[in-house]
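Quick look at what TrEMBL lists:
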TRANSMEM  21-46  transmembrane segment
DOMAIN    25-489  domain 'Major facilitator superfamily (MFS) profile'
TRANSMEM  58-79  transmembrane segment
TRANSMEM  91-111  transmembrane segment
TRANSMEM  117-137  transmembrane segment
TRANSMEM  149-172  transmembrane segment
TRANSMEM  192-212  transmembrane segment
TRANSMEM  285-305  transmembrane segment
TRANSMEM  349-367  transmembrane segment
TRANSMEM  379-398  transmembrane segment
TRANSMEM  404-425  transmembrane segment
TRANSMEM  437-459  transmembrane segment
TRANSMEM  465-484  transmembrane segment
């Protein structure tokens, strides 16, 4: 190769091959995603199991459960800006360490307000970690494997929730209590569970420290030699050859870039403004709306999945049959009130949560492996339609097993979270990519905060209406999916980079 020729970045990345380094990057991002899921969704288990100790009401439980999403909304834009200007790797490490510290302090909360505050701070720290993990993975992966690798993270995201359920089984059913006079708290199982769910953040921070900054980011900020050095190292690890055999000596990033800004506010504005005007405005609006649909329609039910599973198992164990899912939830609520001193989750129910997430994760893995053949757009639309149809059918089923199957198929909509991320990685240029993903997710999570509280209230007081309204919105998401760019168009774009 001519040493004087400048090579487009995507071509240079393809020349590094696809191998060990890419799988190591995937493994590190698995740890990052695991820490995010454990922190965000730990409230699904911590909230009901801490109810007896902290004496929380339904309203307070809804507030605590929505806290992670609320915290993420506040600083998503800020973390996206930092990642686009200061580097992906260092910001991920900082976020994970801050989250670990705050969530550890949450273990010693004397009341629900302190738990709310520490969980809020912890989730605020984690606001950009998930989208940044996807950005890092996308920028290390050759174009022809990118959609598959990013979609695989959706499998990890889904199954991590199930592993959280398995972790909660032995912990939440322990029967110890140690009083700590200086804090005036009782060390009970839910505090141990909360601590165990935050330890992956510390492990992920250390693993991220051992990796490299993405070469695409380095090139975008003018560090061409550093970018080349990372690419050479990737080539060496992937192919088992010497770095000097990598035949790229000069790079250029064939996409637009932003002008450097002097102030923090000016910098954030320069990163955000391009997303809010043509030609990127259309992409921003479509993705933000679709993220909102997935977060508002499916994520709240996913958060309360342990409660639903617990209700189905409790009702069946008490010999109550021929009930709809909503009647099952009301019966379970009456049992809980009658046994007000019992807040442990049923072990069978928690194992059921694991099985549900295992099924969803396996389905996501299969679809991720075939996404290049089926097409991202087709998958997203079909998943939304399946979710809407089965959600509408929930009110008409009176068999506990069918209730569970329909609810599982309704939750299939959560897979579109990962598929939407594959669009996000491809539809924005590098200098605003992290900001774009953070902004889209921030809007989605904003409506999720509302959704979590609305669903909790509706499942308690107006359950049947919930399974008419939310599935209907799933169909709205399916129709909106037709506005996304076609798969052939995306592939052509990737190949032209």
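Heads up, the Cβ atoms here are built off N, Cα and C, so glycines get one too.
All TrEMBL annotations are machine predictions without curation.
Since this is a predicted model, take the numbers as computed values, not measurements.
On the 0 to 100 pLDDT scale, the model's mean across the domain 'Major facilitator superfamily (MFS) profile' (25-489) is 83.
Below 8 A, the CB atoms of the transmembrane segment (21-46) and the transmembrane segment (192-212) form 3+ pairs separated by six or more positions in the chain. Counting Cβ pairs closer than 8 Å and at least 6 residues apart in sequence, the transmembrane segment (437-459) and the transmembrane segment (192-212) reach fewer than three and form no contact. Between the transmembrane segment (349-367) and the stretches 149-172, 192-212, 285-305, Cβ pairs under 8 Å are most numerous for 149-172.
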